[in-house]
C-alpha cells in the first residue's frame with residue numbers, strides 16, 4: 001500500500017477516467033432536474049441511491065488521485081512526496097469542496113431539494129481530462145469533437161429548461177403566454193410533457209428562431225436577455241468548432257508534410273541571411289543570456305555575437321549533464337526542465353535548478369582557480385531538460401574582437417572567485433608576469449613586422465633602380481655602338497675619295 005502508485009499513461013487509468021464520466025454527468029443532469037418536483041418525488045429512492053453511489057466513486061477518485069503524479073515526465077513513487085504535492089495543490093481544494101457533506105442540509109430544506117448537492121458539480125475538471133484523453137486516442141477525433149460539443153449544448157439547454165420551469169413556478173403557471181401553461185390542465189400535467197415542453201422552449205431561444213411568446217414581466221425580460229446573450233456565445237462556439245473540424249479535415253492529408261522537406265532548426269537557420277539569423281537569435285535567446293552574472297551590463301553587440309554560438313542540447317531523465325571532477329569546457333543555461341545537484345551517491349539532492357538558471361560560467365573564462373577549472377558538483381537531469389551550452393572556444397573567438405569586454409569579464413570572474421574563496425592568487429601573479437611577457441613579445445613582433453615591411457619596400461626600390469640603371473646602360477651601349485659604326489663608315493668613304501682623287505686629279 002505504501003508503494004502503490006498509478007501511472008497516468010497506464011491503460012487502467014484511462015479506463016477509470018471513462019468510469020468517472022458517469023457520476024460527473026449524472027450530477028450535472030440530475031441535480032437541476034429535480035426542479036421538476038413531480039420527477040423528484042416520484043423517483044426519490046432511485047435518486048438517493050444513485051447520489052451516494054456517485055459519492056463513493058468521488059471518494060475512490062480522490063484516493064486514486066493521491067497516488068498519481070508525474071514530475072517532468074517521471075512517475076513519482078514516494079508516497080510522502082505524493083501526499084504533500086496533492087494536499088498543497090489547488091486540485092485538492094476543489095476535490096475537497098466537491099465532497100463536503102452538504103446532504104445534512106436536507107434536515108433544513110427537506111428531502112425534496114437535491115440542490116443542496118450543487119457542490120458535486122465541482123468535479124468538472126475530471127470530466128475535461130477524460131474527454132481530452134478520449135479525443136487523443138480515438139480514431140475519429142473530428143466526430144468526437146462534434147459529439148462533445150453537442151453534449152455540452154444538451155446540458156446547457158437542459159439547465160435552461162429546468163430554470164425556465166422554476167421561474168414559471170415562481171411567477172405562476174399559466175399567468176401569461178410566456179410561462180409554462182397551467183398544470184391543472186391534464187395535457188400539461190404529466191412529467192413527460194413538462195420536461196419536453198421546457199426543453200423545446202429553451203431550444204427555440206438558443207437557436208434564435210424567435211418562435212417564442214413575448215415576455216411580459218421584468219423577470220421574463222431578464223431571463224430572455226440572459227438566454228439571448230448565452231445563445232450568441234453558443235452560436236459562436238458552434239461556428240468555431242465546426243470551422244476547426246472542417247479545416248482539420250481539409251489539412252488531414254498534409255499532417256506528415258509529404259511534399260515538404262523536413263529540416264532541423266539549425267539547418268533552417270543556416271539558410272537565412274546572417275543579419276536575419278542574428279535578429280532571430282537575439283529575440284529568442286538574448287533575455288536568457290542576459291541573466292548570466294558575468295554577461296550582465298555587457299554591450300549588446302557582444303551578446304548578439306554570443307547568441308549565435310549557443311548550442312541547444314536535450315538531456316533525458318537521469319542523464320548527467322556533468323560530473324564532479326570533469327574539466328569544464330562549456331557553461332550551461334537551462335531553457336526548460338529541471339536539473340538536480342546531487343551527491344556522489346546519485347540519490348541525495350542538494351538543490352534543484354529550474355528554467356533560467358545557469359552554471360559553469362567561470363570555467364570558460366580561463367581564470368586559474370583552486371579547483372583546477374574542474375566541475376565541483378554532479379548535475380543530473382530530473383526529467384526531460386532543454387539547455388543551451390556555450391563553449392570556451394566560442395567565447396574566446398568572440399572576445400578576440402572585444403578586448404575591453406574580455407578584460408571586463410575576466411575582472412567579474414575574479415570577483416566571483418574571490419567571494420567563493422576559489423581564486424588561486426599565486427597563479428594570478430604568474431599570469432600577471434606571463435601577461436607582461438606576452439605584451440613585450442607582442443610589441444617585438446609589431447616592431448619586427450614594421451622592419452620587415454620597410455625592408456621589403458627598400459628591396460622593391462633597389463630592384464626598380466637596378467632595372468632603370470640596366471636599361472640606361474643598355475641604351476648607352478647601343479648609342480656608342482651606333483657612333484662607332486658611323487665613324488667606320490665615314491673613314492671608309494674618306495679613304496675611297498682620296499684614292500679616286502689621285503687618279504683623276506687633285507679636284508674631286
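All positions are counted from 1 along the displayed chain.
From the backbone N, Cα and C atoms, a Cβ is placed for every residue, glycine too.
It is 149-167, from the ranges 130-148, 149-167, 168-186, that TrEMBL records as transmembrane segment.
The transmembrane segment annotation in TrEMBL falls on one of the ranges 41-60, 61-80, 201-220, 221-240, namely 221-240. Of all ranges given (381-433, 434-486), TrEMBL attaches the label coiled coil to 434-486. Using a Cβ-Cβ cut-off under 8 Å and counting only residues 6 or more beyond its ends in the same chain, the transmembrane segment (221-240) has close neighbours at 149, 153, 156, 160, 163-164, 167, 202, 205-208, 215. When the domain 'Cyclic nucleotide-binding' (294-399) is classified with DSSP, helix, strand and coil residues number 21 helix, 40 strand, 45 coil.
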